[in-house]
Amino acid sequence: MTDLPDSTRWQLWIVAFGFFMQSLDTTIVNTALPSMAQSLGESPLHMHMVIVSYVLTVAVMLPASGWLADKVGVRNIFFTAIVLFTLGSLFCALSGTLNELLLARALQGVGGAMMVPVGRLTVMKIVPREQYMAAMTFVTLPGQVGPLLGPALGGLLVEYASWHWIFLINIPVGIIGAIATLLLMPNYTMQTRRFDLSGFLLLAVGMAVLTLALDGSKGTGLSPLTIAGLVAVGVVALVLYLLHARNNNRALFSLKLFRTRTFSLGLAGSFAGRIGSGMLPFMTPVFLQIGLGFSPFHAGLMMIPMVLGSMGMKRIVVQVVNRFGYRRVLVATTLGLSLVTLLFMTTALLGWYYVLPFVLFLQGMVNSTRFSSMNTLTLKDLPDNLASSGNSLLSMIMQLSMSIGVTIAGLLLGLFGSQHVSVDSGTTQTVFMYTWLSMALIIALPAFIFARVPNDTHQNVAISRRKRSAQ
């Protein structure tokens, strides 16, 4: 990339900045949840909604981000994304109640939903095609550093300052990024087709109310009738979308995607798989602090081996999949992650704390292998004319399943414990034990889906290439 103009390199730095902000925010909050609960006078069992409100908003807004960038311009949308994310951070820091914090996190989520996909689109437009992979590697590297720094930095700020600072640090970074975007980034636009607003609203309503109904089933004060009504509204909205998308060439996501078997299996497996693994980043720091009495900083440091294991495994995951095939790798990593989850719970409850970093490192390796395999399985056989739509749907499902996973984790804690779980409670470790056992079972269930994946990987790739070349 040394032969790129200086202006283009600066634009890549801006995109990388945005990737870093978004990835840091996804991990820095987890370590601070117990301190937030104490400061806001809430039960720790309710704090999962701080994560859910952000991730669910990202899932809802993702389908609109690419269309908005093409219609209004990548600079205008990227600038708007940074401003919304920064304002959301400010309002998070100023929040005095849990409801205020949830609204502020939703505003952050709107910005976060546009930042990464619009950043990818910007890179596609400003660099030559032959340098696109090198440019994407450059801008996504800070996004890999964010999860590494997030837990420890969050714990450090909480322990030696206050939880408000995990949001306040975004403000100067956001201001610099917004100004640089206005000054340096070109405002590319493209001719767009009409946006599928009806489909977007149906999907948004369906995802939001079903998640709310799931969360409302324990300890929120919603009546059974209200919850049943929410479920009915959500199901009707999703069924209406299916009817809307049938034979509709302008649908947000074409139903033709599901004619590709590996896409259908991969998407179903990704949804179920990320529900289970989405619980882990929320539950692990909460368990370390509330269940075992770790300090926020110590709990944050304990998360670093998991990220290192994930980053290290990315270097060899392709060779592993090529050697053993998708079916074997996905079934083995799914069951393996369930066993590692049980191992983490056992070693922690036995007090073998010196073993935990190694267990978390192993967890990161297994999880990374499964994530990469699920992503490539889902998209690898799609024809070229459906690849972009399939990738967008996969991104939305990834965020949605993570929000559902965190919601279920909070639901399990509320089911097995009281509304006042604390370090001083004699039953706290028992509550967490039952929760971890349930999580291990949920994590293992997608193995039944992955067992149906065709095993001849190389043949599938060849078939896929012949299909694409024939179109």
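For all residues, glycine too, the Cβ spot is worked out from N, Cα and C.
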With the domain names in Swiss-Prot as our guide, do Ser162 and Thr427 land on the same side of the membrane?
no
Mark yes when the transmembrane segment (165-185) and the transmembrane segment (138-158) have three or more Cβ pairs under 8 Å (sequence separation 6 or more) and no when they do not.
yes
Where, among 165-185, 286-306, 342-362, 396-416, 431-451, do we find the most CB pairs under 8 A to the transmembrane segment (77-97)?
165-185
Cβ pairs under 8 Å between the transmembrane segment (431-451) and the transmembrane segment (263-283), at least three:
yes
